[in-house]
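Residues annotated as topological domain 'Cytoplasmic' in Swiss-Prot: 1-10. What Swiss-Prot lists as transmembrane segment is 11-31, and the listing cites sequence analysis. The annotation topological domain 'Lumenal' is assigned in Swiss-Prot to 32-271. Taken from Swiss-Prot, the feature motif 'MCR (magnetochrome) 1' covers 48-71, and the record attributes it to a curator's inference. The heme 1 binding site annotation in Swiss-Prot covers Cys65, Cys68, His69, and the record cites sequence analysis as its basis. Under the heading motif 'MCR 2', Swiss-Prot lists 87-110, citing a curator's inference as support. The heme 2 binding site annotation in Swiss-Prot covers Cys104, Cys107, His108.
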Amino acid sequence: MSSKAVAHPNIAVWIMALGIAFSMALVLTAVFNANPWEDHTYDLAPPIVAGMPAPHRDGREKMVCSSCHIVTPPAIGTGPGSGTLPIVQGTPAPHVDGREKMPCASCHTIVKKGSVAKGAKAAPLPAAVTPGMPLPEAVSVALAVAPAPAAVPLGNEAHERMVPFRYQGKVVSIAGAGARSVWGDIYIQINDGINPPIWIDLAPRWYLQAEGCVVRPGMFVKGTAFRDPTQAAAGLDYAMSVMANGEICALRDNHLNGLWANAGGMDAEER
């Protein structure tokens, strides 16, 4: 009887300690809910103009600027009125390459609705336009996206002629059969703001969904891929891995064999 009486308080203490530890874990998880594997603050870092010195002096100046910042091309001209179109006050920015986060007045003349900017030089009227005809104050131009290169059969010895490289950048466009069907391959066009945009063949859409690496336009992705040196950036590259949504997904092995071949896609429609 005495041994049982001594054991009960010890069990109660351990149960109470485990309950306190579990409660503290819940509180800390709710307070510090930042996932260290999530994508870094790529969308929060201010854009950097290509050719400008790095704004950091704590060691980050040795890193690639496009890892955290959107690199924009240098502006032509020295200020407002140097060939840029005016912007009507209150309208959304006409850019989608990172410049939409910059103050519009840095490059454009801000025009109030229904008025003409003071001191702005009137553009010459086209020959077919008569005086008195209202002219548009701002123009939104849609940028054309180059179509994705056609995929070619790789063969068993494709890895011997292709070279590996690292890629990173923002997803500009998505193409391939995976854009229409869960069973098709997904091609992404990425732009790092410095080099010409490239097309990369990732994997079937169901495999990306199963691995948690679904990509969308505007996302920052990076990884490793194989490229045919005879085609350079004009051809279709083949990804070995991709990091998206904070997840790192292996897509192909060193012989360019898709890892989804042994994964199976029986329940892909349910994911």
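Glycine is no exception: its Cβ is also placed from the backbone N, Cα and C atoms.
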Quick one: mean pLDDT on the topological domain 'Cytoplasmic' (1-10)? 55
DSSP-derived helix, strand and coil totals, residue by residue, for the motif 'MCR (magnetochrome) 1' (48-71): 6 helix, 3 strand, 15 coil
Using DSSP, tally how many residues of the motif 'MCR 2' (87-110) sit in helix, strand and coil. 6 helix, 3 strand, 15 coil
Round to the nearest Å and give the CA-to-CA distance linking Cys68 (heme 1 binding site) with Cys104 (heme 2 binding site). 22
His69 (heme 1 binding site) and Cys104 (heme 2 binding site), Cα-Cα, nearest whole angstrom: 19
With Cβ-Cβ distance below 8 Å and at least 6 positions apart along the chain, what are the contacts of Cys65 (heme 1 binding site)? List them in sequence order. Ile48, Ala54, Val71
Around the Cβ of His69 (heme 1 binding site), other Cβ atoms found within 10 Å total 20
